[in-house]
Amino acid sequence: ADVIIWDFAARKIHARLQIHKAKVESLAFSPNDIYLVSLGGQDDGSIVVWNVESKEAICGSPASPHIAGHSLTIQYSNANDNIFVSAGNGTIRVWELDLPNRKIRPTECQMGQLKRIVRCIEVPEDDDFFYCGTSSGDILKVNLKTRLLNSCWPVKQKFSKGVNVLKVLKTGDVLVGSGDGMCTLCSGSNYTTIKYHMRLTLCPGRKVQLEGGVTSIALRGEGHQFFVGTEVAQIYRFSYTDFKEELITTSHNSAVTGMSFPFGSSELFATCSKDDIRVWHTVTSKELLRIRVPNMTCNAVEIMMDGRSIISAWNDGKIRVFSPESGQLSSVIHNAHSMSVTAIACARDCQRVVSGGGEGQVRLWELQPGLHKLIATMKEHKATVTCIKIKSNDKECVTTSSDGACIIWDLVRFVRNQMVLANTLFRTVCYHPEEYQIITSGTDRKIGYWEVYDGSAIRELEGSLSGAINGMDISHDGNYFVTGGDDKLMKVWGYTEGEVTHVGIGHSGSITSVRICPSRKYIVSTSADGAVLRWKYPHPS
């Protein structure tokens, strides 16, 4: 598990520090940026102090005593480059760096009878005390000089689901972010200590409920404005004076499974994930609409050619149709497949939909206002149907499956026209715009060109050096296509040359789908880490 120090101005890596195993739990710079201290995860359990300039480790030590659990967080003091604090499950330690002897020496803070799991530490500017937020929902105040517990608050109404983040403002007030999504401002300037309890008073009206547990708070300037991030991948902006939240950024917080552009329009696109479908404005990357279906996962989404409905495939075996303006559910096909619906495609007549399921069946549905009808079921695939594409005349479609078969179906007689077999789990397929060839890809990392007429192989390209190819799309002129997969690289290919023209590096998870927008200005790709990335299309349209 590497620690990477970045040169922010140059946007380059300053140093890559390798010593921790499996996980790095927390990092902290010293006040003068001379040292960086890193805390390893549960399997590593060590604290290491690094010299930022020389990029070398100065010294290290086990983070927790043997009788305590593992440490979770670390924080430097504000005035002294040689003092920092670590805390975790049943342990709070103040460390002193002895540079001549290359050692760090810990002092365990005396907690009395209190047993707490500390999630976060905040050291105010004066370095007299430090605050610890705990999983029990209370805040400990510890004297940094004497290493003794000063007080613990609140006594009765603790913060629900624990204190995740603490930030001390210049005024002495404390911002508290809790696990239930509550962001609270506590007045810390006039607390009184009574035996073991400090009375940080709640400021009236300074309490806001956000969506998802608070994960981080960042202060701007003197704290007149601050930003709050939550577990559901949303960022809010607050102003200190009115303490009102403003949602400024949203994103998916689980794997994005699919995406779709409306026919002939690049202004909007839809993405689907666990619990929801979202419609985005392409240029500004702002979320315009969110359609929620709790505790379900949407596997595929398509926008009808007339733009009047969003068709979606769900893991509960249902096909749901939504209105794109309001997000209202307009119709549901119950039990569309016995297992989850895994792939979907819409015909150009805006009345028929082809769906594929986890059991391997391909079904053709007719959609009318207020009713739906099953027209045909085609049974050839032995495993999950992964992708469906319909020919422009609506008389033929191609499906891929993880059974290693790619089948071209006749949608008039509902029989198989051609079958392509390969030693791979097919993930995606595309028709060439002239529709005499198809290109496929899957887990064997190969891109296959096939003749539609007789299913014969034309040629095969090495699509990736590592990992399956999960997404593919071809430009409307047929000159270029894009791919993305488990290697996290978005590649643009020349169709006839079979050569990579451009590579996009940006995803930190496996790419799940990729699309060229109809105007050929952008490429949009989605990945398993919840990211949606928009790229400039590299070739003139």
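Placed from the backbone N, Cα and C atoms, the Cβ positions cover glycine too.
TrEMBL annotations:
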- 17-60: repeat 'WD' (REPEAT)
- 334-368: repeat 'WD' (REPEAT)
- 378-411: repeat 'WD' (REPEAT)
- 462-503: repeat 'WD' (REPEAT)
- 504-541: repeat 'WD' (REPEAT)
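Within the chain, the repeat 'WD' (334-368) has long-range Cβ neighbours (under 8 A, six or more residues past its boundaries) at 297, 299-306, 308, 311-319, 321, 374-390, 392, 394, 397, 399, 401, 403, 407, 409, 411, 414.
Across the range of the repeat 'WD' (504-541), the DSSP-based residue counts are 0 helix, 19 strand, 19 coil. Residue counts for the repeat 'WD' (462-503) under DSSP, helix first, then strand, then coil, are 0 helix, 23 strand, 19 coil.
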